[in-house]
Amino acid sequence: MPVSLAVCETANVVNAALRESLGSGIGGGGGCVAAAASRSSAGSGSGSVAGVDEAKIGDVSGTDNLQSQIVANAKRVLLAKIEYEEVENYHESVLAKLKSKYIVIKPDNNNGAANCNYKTNGKAVGSNGHDNNTVNGGTVNGNRKQTVDSGQSNQNSSANPNELPKPKRVLYPRENIRIGWKQSERKWQVGAGMLNVGNTCYLNSTLQALFHIPALANWLVSETSHVENCNISESCGSGGCIICAMAKTLQTTQSNQSAVRPFLIYTKLRQICKHMVVGRQEDAHEFLRFLVEAMEKAYLMRFRNFKELDQLVKETTPISQIFGGYLRSEVRCLSCNHVSITFQHFQDLLLDIRKADTLEEAFDGYFSRERLEDMGYKCEGCKKKVSATKQFSLERAPITLCIQLKRFSMMGNKLTKQISFKPRIDLSRFAARSPTAAAQPLSYRLVSMVTHLGVSQHCGHYTAIGLTEAGSYYNFDDSYVKPIAMQSVCNTNAYIMFYELDVANSSSSSTINNNSSSSSNNSVAPKLNGLRLSNGAHSPAAATVAVAATATSTSASAVSPRFIGPQLPNGYANSNGHALGGAKTTIQFKTTPQKQLQQQQQQQNGLLMGANKFQESSQSKHSLAGTLHKGEAAPNANTNANANKSSCNNNITSQHQQQHILPISSDEDEDEDDSDDDDDDDDDDVKANTAPQLPSMPKMFEDSESVAQTAKLKPKTPLKSLVPYESASEEEQEQQQQQQQQQLLQTPQQLAANPRKRRSGSDSSESEEEAPPPLPSILRNGHAKTNGSVSNTSNSSHSKAKSASNASSANVNSSKQKTDAIDEIFKSLNNYKNKHRIAADDDEDGDGDGDGHGNEQVQTEQGTKKLNSASSASASKSNGWQSQNGKAPSSPKTPPSPAVIKSKTGIWQITRTNDDDDEEDEEEDDVEADADQEDDDDEVVVVEEPQVSVTPKNPKNPFAASKSAEANATIAGAKRQKLLNGSAKSAATTRPGNGYQSESVANGSAVSELLKQNHRGYGTSVLSWNGKPSELDKESFDLVCAKRIAGHGDTDVHSDVNSSSNNSSNINSNSNSNSNGNGKRKNSTLLAEAREQRKRDAEDEEENEMDRGRQRKVKSASVKSNNSTPGYNPFQEFENQKRWHSNKSGTFPRFYHQNNRPNFQQRNKFKFNRFGGGAKFQQQRALQRHLAAGGGFTRRQQQSTGQQQQQQQQQQQS
């Protein structure tokens, strides 16, 4: 057995040998070293002559004799009997001193300590992870005596390297930290402000944030004895003690009513950090870190041998106990799954906010598992570099959590994004998977914070926000102190945040957790300033129970959603956390005898649980307090069960008397054919809802979106409301689409029975001509109007009316009403496609073949015809409004259309017209009238009021005021339609496609072509068609005919002018007869006006027309205008021809022109003229304003180009 001997050092051994050999001859009177040596060798004490002679001889060999004497005496000392005591594990104790300076990474698998005699019994660990038990005589002031068996305590930690190592000495116990303002005996004030003495806002804000941390403030106030007897300033020089300066500054802010100067801290700035300069702006977080470090050093200087303390002991200072915590780092090898566990001490968490918008997201990113660089980690198990993953977790959470948001980069730039946070946070989901970590409270509340206003690290302004004892927050802006609301605090651009353990929440949760342990084991967990913590105990049994009781509840809360609000202890918990005897609203389902038995079993836990509707089953649902995972055993399961039964059974009767029951449809599949039977079943189940609900009341029986996802209900019929809602949310719109999709999937046979009718929009009844349907229903908000809905059954309207008041009447005649509802949907959609046309339609409506071709097109183009609701013509007139009697399903975002629409152009009334109103259609289409009666029944037309004259809008200025049609006096009550290229074409004429395939069907019209072109400019008026300018509506019909003669050279023009009122007429005019009747003089005047009009159109077209880059630009003038190639664009062709082959300022081509400035201005008119422009641009703007005000055209004499003159000569000759 190794023995430790109390052997002196070499110098002590030599001195002892000299004193023993020379001490006997000192009193003999010799005094010299040689004489003493000779006397010692001779053994004689006399001073005879013979002695002197011997002394002379001894001078020769004095050195050798002295050395031999020293060796002899040292040997005699070593051979002397020495008392000693045996020390166990001497070898291990020496190694333990070395191991205390390092962290064990890999556990020692082999039993190397098998030959050593040491104990491996576990000990109860306190809340700070330290061994509170004493070995030889107890503790003094929380510190262990030096007689503690260090080998045994260190070997206890080395036996389980996955646990946090314990220090050999605790400088300041964690239990002495007082959390919260209420733990102090004094009354805390709001605190005075601090004067800014020159760019010291960072210092003032940091001090204010620290002074409003209750744990730190209570500790600084408790250091009064140290402040009075501090001698650190004498030993350190002129620097002084930082802790004393902080304590004095805190007392000054509490005692003064006006702003104070923190000169005690400001004068020690160089002592806190050497590179900080007085009067220069510094970073608040950097100053905070150096200030906390200086306070730790000042506390360690109280101990004489503080330099010899190891790192674990230095981390037990009061500053580290308040701000310090430990992170558990787990690195897992992806090859051999070897896990390396290390522990890191931290005093603040630096969160990256580049990919986070909230504080919770930043925490998730910090504690998430990250992948190390490929082949960059050397595994201890594989002994090679492999890929690994790393993850942090909280092994020991600090009392005060300091969070810094990484808002600044290395270059000083600031990330000024808003990070939302809450005043209370819970970090239990980030706790490590260890009993000690799971047992600690991790509920925090915001106590103070530092904010930064500015765009850079080196500029801006710092302010602080602190929580006072009264529970309100105050803003500290240097010397200004003012209260701030909670909402403003959460919307602040925070930089540094301080969260402290919440005493109230922790005490309630710890009381719940300790209830069971105290009942079965008569032991009490240690108090933390009135707060009974469950993560530490003085006995091993109590610690074990506390850990077992709280670890399960914490893990259960991580899986199930945590309950918000105060919680009652076991035995007093009510169902769903409500107060005892309080009224609550629950939901009652249709029950069967089996379900009643199941509910009775579920109510034993105080929870009224539905059948897979709103709550989980009792087998998988975790209760709010005291629950355990599967496979885990509670230490007092019987006690908890009896407590829950007794508390819940006593209050079940009183609770059920105050419950308000709401009806809801059952999840059972009921196929009932009679509504009376259904109503009888509902009367039995629905007790509270005896009176029918009003139609305008919101339906309480409609399933919400979350319920519809979990419930397995088969929708019988769509819910219908008597009162349509004017608007709907996006969730309801999605729910409506889901219901329609479910209906389509559940009835494939019924839909496939008549696909032609369903796709063409015909009614479900076959006798369409004999029995026309009543007013159609308009689907809004997922409900269908019941007044006038199509149904083959006689009692369908009554059953639908009942469905608005009863929850279960929606199951009546499910198969029939499914088909009717689907037919109504497709019928209304198809009617909207076919019948809601513009009143100013092309000449097909007047021809005899128009209705027939329109009906054929519905059948031939079932899936290809698209709905163009955002066209330029329809947007200016209808603007999404629909008639109240129409079949079109209005958008859930738009209100129902009124009877009369008031616009800038007049009053527009939407009425219903039949084919009887159109006299010419009756004469020409007697055979086809009956077949097309259904298609033309609901046609929406625009009716002109007799008092207000309605004219089409000006294509150049849609918002211009209407001008009285003086030239149209000969055509009374008729509204002239825009001519397509100045001539009317038949229905069978093909149109150019503008990048699309040309339509060869008879339904193609000028309006449909305009609808196709409406993507150019996104709804702006189309000013040209087929490469030629369009005519104005304000000019007379004769002028239009003359312009057609001058511009297009058409000899025979058939113009169809359709009226939007009850009477319509067709006008066939011959341009040759009109021109001959008016005379040559009138014809020349009209030609001149037509030429100038075409010039103005050509000039204004380039400015008003926008090219979105959707069409390929073809710079070729040889392509004919009537080309029907799919890629041909007449608009772009005209634009290219005008841009490349014309010149606005002269008759010469652009490349022959000598002056380049006008061409430059013309090419860049959009770039420069919009913001100031030139004279030409101002003239054009003035003309547009003149036209918008209702005025006529001005006469502008402009020189025509060479191409225009040649074109005019050719037209005159023809």
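Here, residue 1 is simply the first one shown, and the rest follow in order.
Quick reminder: no glycine exception, Cβ is built from N, Cα and C everywhere.
Swiss-Prot assigns the feature region 'Disordered' to one of the listed ranges (52-76, 552-576, 977-1001), namely 977-1001.
In Swiss-Prot, the region 'Disordered' annotation falls on 509-532 of the listed ranges 509-532, 581-604. There are 22 other CB atoms within 10 A of the CB of CYS201 (active site, nucleophile), with all protein chains counted. DSSP places the residues of the compositional bias 'Basic and acidic residues' (1089-1098) in helix, strand and coil in these numbers: 10 helix, 0 strand, 0 coil. Sequence-distant contacts of HIS461 (active site, proton acceptor), defined as residues of its own chain at least six apart whose C-beta falls under 8 angstroms from its C-beta, comprise CYS201, HIS452, LEU453, GLY454.
A strand conformation is recorded for HIS461 (active site, proton acceptor) in the three-state DSSP classification.
Under DSSP, CYS201 (active site, nucleophile) is assigned to a helix (H, G or I) in the three-state scheme.
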